[in-house]
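Read the structure below first, then the notes.
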Amino acid sequence: MVFSLADAISHAHSGARAVLEGPDINRALVRISHEILERTKGAEDIVLLGIPTRGVHLARRLAACIKQFEGRSVPVGSLDVTMYRDDLRLRPARALGRTELPADGIDGRIVVLVDDVLYSGRTVRSALDALNDLGRPQAVQLAALVDRGHRELPIRADYVGKNLPTSKSEIVKVYLEENDGRDAVLLLKEDDK
Amino acid sequence: MKRHLISAADLSRDDALLILDTADELAKISERSIKKLPTLRGRTVVNLFFEDSTRTRISFEAAAKRLSADVINFSAKGSSVSKGESLKDTALTLEAMGADAVVIRHGASGAPHRLAGWVRGSVVNAGDGTHEHPTQALLDAFTMRRRLGPLDGRKVTIVGDVLHSRVARSNVLLLNTLGAEVTLVAPPTLLPVTVDSWPCEVSYDLDSVLPKSDVVMMLRVQRERMNAAFFPTEREYSRRYGLDRDRVAKMHDEAIVMHPGPMNRGMEIAAEVADSPRSTIVEQVANGVTTRMAVLYLLLGGADLGGEIQ
């Protein structure tokens with residue numbers, strides 16, 4: 001899933017609809033960080049783990065918001081789930097992302113998994129399996145920038161940036177400044193791909 | 001990537017970098033308390049070893065097990081091979097058992113290539129005669145990259161019995177793909193006749209090459225393959241081509257010393273050099289598991305490429 005800015009612009013002309021623009025994404029992240037603070041009573045024991053690639057950028061932004069509101073530095077890490085996926089055999093072997101845990105690990109912490117789009121729930125299931133091999137968190141929560149529905153597993157998000165009703169033939173693309181040079185969430189029809 | 005890994009020449013630059021990058025990520029697994037991934041669950045890897053080996057066989061076994069594959073070890077001693085079974089019949093037996101990958105070491109150059117035509121799974125060459133040993137080259141490149149960073153323009157000197165060395169051939173091919181400059185140093189009798197066509201330089205004088213080298217890789221003098229008088233005495237070989245303390249002093253400060261093992265201490269490499277901080281010999285063994293995990297994952301982890309039996 002590598003998209004260039006040029007891609008984004010060409011999509012913008014081919015009937016792709018921008019669901020969230022830059023400021024909307026920031027507002028959603030600000031709200032999620034408040035919700036995390038509220039739910040975890042000050043975010044004392046939490047660790048934010050982003051799922052590469054864009055989940056990691058989102059996790060860093062959430063940590064920056066929390067730092068700004070409460071003055072607390074929350075550990076941020078990344079969790080690559082490739083080796084735990086259940087669809088590995090449907091495609092050629094893919095390159096691995098980076099797994100980097102905070103120095104203190106995740107034992108006894110509240111882990112908040114962060115991903116850009118929540119769809120079938122299979123990525124989150126893989127992430128839960130991966131966490132199992134890395135330690136024993138006190139609790140695991142899930143934050144997603146976009147929840148587009150169509151779950152295939154009994155998984156739900158604790159924090160959602162935007163609930164986005166979609167049809168399965170549509171494609172949700174998330175662009176982030178750190179990765180793609182701009183912030184946006186686009187909804188494309190399959191034939192625009 | 002291709003379905004089999006028979007020669008280091010099968011790997012494009014992108015393939016090789018993908019393997020090394022994957023190995024970089026997998027290296028962290030060996031630091032965890034649970035050193036296991038579920039990725040190859042239900043897949044079968046057969047280790048087919050017709051020649052003696054300690055580190056390569058154990059390394060492949062550990063790599064496959066860390067990826068949750070089922071491992072069947074087969075060594076020629078005590079098998080039907082000693083009753084005269086041919087390689088092809090052995091291959092058909094493995095095929096019938098449903099091997100997803102066959103890791104083969106064989107004394108005959110080209111055996112893995114033949115095997116690849118007889119089985120549906122992936123074939124990984126773990127050393128064939130004096131031909132190639134691609135996973136050794138990969139783990140060597142991985143070790144160099146971890147110590148020195150990217151290999152483009154790095155100067156690698158490979159010293160010793162190049163004639164009988166599958167490690168040297170695979171390393172020359174792979175390092176060339178990765179952009180390093182390789183110099184072979186050996187007595188003329190221990191260089192293959194076709195060495196002119198290899199993508200590397202050749203020298204007969206170790207002392208003049210050492211100061212320019214970033215990596216010095218010593219090869220084992222393979223006594224078991226020496227059926228002619230390749231050099232007058234071991235003592236003379238050791239004097240001219242052995243790596244001792246005085247020679248190491250000529251290398252620059254960051255340069256590293258490698259050896260694929262098993263070593264003849266005191267012959268091609270002095271014991272104090274082998275145990276010095278410059279030496280990566282123990283790291284090479286640890287990196288072997290990681291690199292082989294990367295190879296097995298990339299060959300078996302994805303969709304079945306649907307190989308045809310010829």
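Cβ coordinates are placed from backbone N, Cα and C, and glycine is handled just like the others.
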| field | Listed in TrEMBL for the carbamoyl phosphate site shared with B:R55, B:T56, B:H133, B:Q136, B:G261, B:P262, one of B:R105, B:R223, B:R225 | value | B:R105
| Cα-Cα distance maximum in Å, computed over every pair in B:R55, B:T56, B:R105, B:H133, B:Q136, B:G261, B:P262 that the record assigns to carbamoyl phosphate | 16
| Distance [Cα-Cα, Å, rounded] between B:K83 (L-aspartate binding site) and B:R105 (carbamoyl phosphate binding site) | 19
| the domain 'Aspartate/ornithine carbamoyltransferase carbamoyl-P binding' (B:3-145) [mean pLDDT, rounded to integer] | 92
| message | I'd like the number of other C-beta atoms within 10 A of the C-beta of B:R55 (carbamoyl phosphate binding site), please. | response | 15
| DSSP-derived helix, strand and coil totals, residue by residue, for the domain 'Aspartate/ornithine carbamoyltransferase carbamoyl-P binding' (B:3-145) | 67 helix, 27 strand, 49 coil
| message | Using a 10 Å cut-off on Cβ-Cβ distances across all protein chains shown, tell me which of the binding-site residues (B:G261, B:P262) has the largest neighbour count. | response | B:G261
| For B:R220 (L-aspartate binding site), which residues of its chain lie six or more apart in sequence with Cβ-Cβ distance below 8 Å? | B:G160, B:D161, B:S165, B:H259, B:P260, B:G261, B:P262, B:M263, B:N264, B:E268
| field | Inter-residue Cα distance where the pair is B:R166 (L-aspartate binding site) and B:Q136 (carbamoyl phosphate binding site), in Å | value | 9
